[in-house]
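Q: Would you mind keeping the following structure in view while I ask a few things?
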Amino acid sequence: ALRLAGGQSRCEGRVEMEQEGTWGTVCDDGWDLTDADVVCRQLRCGRAMRVHGDAAFGRGSGPILRDEVGCEGHEEHLWDCPAAPEHDCSHKEDAGVVCSEHQEWRLSGGQDGCAGRVEVFFRGTWSTVCDSSWYELEASVLCRTLGCGEPLRRLSFAHTLPGRMLYQCESRRPSLAHCQWTYNKSAPCHQSRAAGVVCNGTGP
């Protein structure tokens, strides 16, 4: 089995694989986009956008199961790729990846990172969020994800970025990626404005 840990969604994080019932990590020696692409594809997370070394998503635990991974890009699973049988790594060299299906958010144009227009990075580009279903619940989930407390008020802006995202949350979720979302579908976003929010915190 394979998973990404320590990220904001299931499509970014430290690469962890399971071998003989034990979860372990992958060393960042030789870790590159071709290797990471195999991971993203295996997890149905699209393509690799960025690779990380030096335990960027925190240090893992357990054995280090792969070193000097050398995928050619066509492999179906990470464990099909050639790798060194022995390693000289520690967990401070754990490898990570950000895949294209990962979503991350920012508030732009406000006084600090806790107020402004909602923008989401998804599939390699920044997009705005349609306010057609931007309610207290959605705003609350976002403010919490950003470490900004709770929403004080919602704002409207113009759409000036190429993409559009629409979120609908049924309940409190860890992030907007865990709510229902649709990307670049024109109907629900027709005549919408770009969502914004002022949260009551001042950010990390």
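Just so you know, glycine gets a Cβ as well, placed from its N, Cα and C.
From a predicted model like this one, the values you see are computed outputs, not experimental measurements.
The domain 'SRCR' annotation in TrEMBL covers 2-100, 105-200. According to TrEMBL, the disulfide bond annotation covers Cys71-Cys81, Cys169-Cys179.
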Q: If one measures from the C-alpha of Cys71 (disulfide bond) to the C-alpha of Cys179 (disulfide bond), what distance in angstrom results, rounded to a whole number?
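A: That separation, Cα to Cα, works out to 34 Å.
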Q: Using DSSP, how many residues in the domain 'SRCR' (2-100) fall into helix, strand and coil?
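A: Within the domain 'SRCR' (2-100) the tally stands at 16 helix, 34 strand, 49 coil.
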Q: Measuring Cα to Cα, how far is Cys169 (disulfide bond) from Cys81 (disulfide bond) in Å?
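A: So the Cα of Cys81 (disulfide bond) lies 39 Å away from that of Cys169 (disulfide bond).
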Q: Most Cβ neighbours within 10 Å: which of the disulfide-bonded residues Cys81, Cys169 is it?
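A: Answer by Cβ density within 10 Å: Cys169.
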Q: Please spell out the DSSP helix, strand and coil residue counts for the domain 'SRCR' (105-200).
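A: Per DSSP, the residues of the domain 'SRCR' (105-200) fall into 20 helix, 42 strand, 34 coil.
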Q: Which chain-mates of Cys179 (disulfide bond) that are at least 6 residues away have a CB under 8 A from its CB, listed by sequence?
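A: Correct list: Glu138, Val141, Tyr167, Gln168, Cys169, Glu170, Arg173.
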